[in-house]
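For reference, the structure discussed in these notes is given below.
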């Protein structure tokens, strides 16, 4: 006759005895904290205590645990699990519980902690993505809300507003370093005018009919200034999706204004123009040479016409700027190659080590553009595609958008890093950062060569505790791994696995071992399919 509740009743009695201090024959010290417990329970739930009490049982009344790896709250939680069979993290960090469970070789708890950390990382990534999508959409809606909130089309408001402003703009010189950028729209513009064709329009080209983008840009740029101050992220303005550089319907006509290379329709006016100031570094020669106003469409960046007959001088300045930028790209490419050659490997993985991959990716994109930029220097009328953030030029709008995406990935990487006031475990030798002190301590042994775990029987030292546990079985001659078919026992789990493949492979069609079964010191369950389960009947 079996009593199903007997095991539960036994655990309850042992837990009550531990709280009362009755028959507790062991004291565990974690820093200044003391924990009274029963040796039998500790040795049954932890391989660390099993090996500890196996050697000189009568002299092992007090156990000292490394407080740098095992914290008192984490051990209290694991001790409660040993006596009650329940694991409640409460407000305790999962990383601390994982470090303590790994130190004590409680592999079931290690598996649960790793799964919980994986779920937490996935949930944080999903929430971050949703927040970015929501903020991007809200900023775009806010930039267009004033034009459509009055119940009439945005074009009607733009037609009335800025005829007078455009007259003042045409008479006064524009600010150097400004750039026109079109917000994402459902239509694809068609680049039909070139700098040479823009010159043929002459001084009258500055006059544009009412309702053109040039007459509406001043009002909309002022309206969008407030939303740009609130949203400091540039990815709310730029369209990073790779679109075809050719497009436009048959009903579109070429605009007479040389500043804009696409026609004006009510639909296209909804993708309004926003003026973005390109911040220039005063100490950069490239930024001083490549000055002026540029208009960025989906097709690229074009140079505005010159009403003073100085177009040839601007072309010469542009060529000089391209040459200077080409030399800078070559130096950056050479430096990145030297860094990759000198970079050494390390087995430990840096938790926050994603930035180096992004920098190498950006350097690879720029170095691959060297032949294209060289060919652009030889063509006097070649269109240039300039980045509004760093003033770098590219041979096509597609590569420009890929380059822009690297800027935003760098911004996201900075946001992902912890704040400066957070004390992050950092290696003092190589500067790597880690999630908890346990992983930092393990990493520091790779630099110092320290082997703190010593076998009491033969004196051999090991870098990690699990290697000592595996070695200790050799001296005890214990064989914890048993075959369920022939009852032969083995010291190491690998020997058992090879034995099953050699002698029992014909009897068992397929065999799947539970995860971590090969790492545990006790006999684990084997999951068999229907054909193999017949052996038990």
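Every residue gets a Cβ built from N, Cα and C, even glycine.
Region 'Disordered' is the annotation Swiss-Prot gives to one range among 335-355, 356-376, 377-397, 398-418, and that range is 335-355.
Among the ranges 310-332, 425-447, the one that Swiss-Prot lists as zinc finger is 425-447. Looking up the ranges 265-288, 481-504 in Swiss-Prot, the one annotated as zinc finger turns out to be 481-504. Long-range contacts of the zinc finger (453-475) within the same chain, counting only residues at least 6 positions beyond its ends with a Cβ under 8 Å from a Cβ of the stretch, are 47-48, 51, 54-55, 103, 105, 442, 445, 491-492, 521.
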